[in-house]
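Below is one structure; the comments refer to it alone.
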């Protein structure tokens, strides 16, 4: 019950590219992003960092590194345009350069999560942060 309350708090007031990211993840994996990846492993979700537990968690680690390279906008809050065409994510051509980067980061993690669905391990779905070992920097 406490976990559901925490997830609800995390979702309040969320807009911008996080919502777009969650939509991309659902489109690519068929999984609800917040529920399945919000606290997955050591790297999926806000404020989580550590040595990846598996390939799924590695997708999130690489995504965080991708966001660190973005300058000029807020990757978690600023909205961008994209479309879903023929079961593929297409980042909008009219996005400013910074938001093109954010969209490409989000697209890459969504595809990575789909490609690694076979490594998804339910024991890491709500993984305790204290069990995460320090990871290398990006």
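Using N, Cα and C of the backbone, Cβ positions are placed for all residues, glycine too.
Here is what Swiss-Prot records for this protein:
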- 63: active site (ACT_SITE)
- 106: active site (ACT_SITE)
- 45, 47: Ca(2+) binding site (BINDING)
- 42-132: disulfide bond (DISULFID)
- 44-60: disulfide bond (DISULFID)
- 59-112: disulfide bond (DISULFID)
- 65-138: disulfide bond (DISULFID)
- 66-105: disulfide bond (DISULFID)
- 73-98: disulfide bond (DISULFID)
- 91-103: disulfide bond (DISULFID)
- 1-16: signal peptide (SIGNAL)
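Annotated features, which come from Swiss-Prot, shown on the structure.
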residue : record         : DSSP (3 states)
44      : disulfide bond : coil
60      : disulfide bond : helix
66      : disulfide bond : helix
73      : disulfide bond : coil
98      : disulfide bond : helix
105     : disulfide bond : helix
112     : disulfide bond : helix
138     : disulfide bond : coil
Of 60, 105, 138, which disulfide-bonded residues are close to residue 42 (disulfide bond), meaning a Cα within 10 Å of its Cα?
60
Would you please pick out, from the disulfide-bonded residues 73, 98, the one with the fewest other Cβ atoms within 10 Å of its Cβ?
98
Same chain, 6+ residues apart, C-beta under 8 Å of the C-beta of residue 66 (disulfide bond), given in sequence order:
101, 104, 105, 108, 109
So for residue 105 (disulfide bond), how many other CB atoms are inside 10 Å of its CB?
23
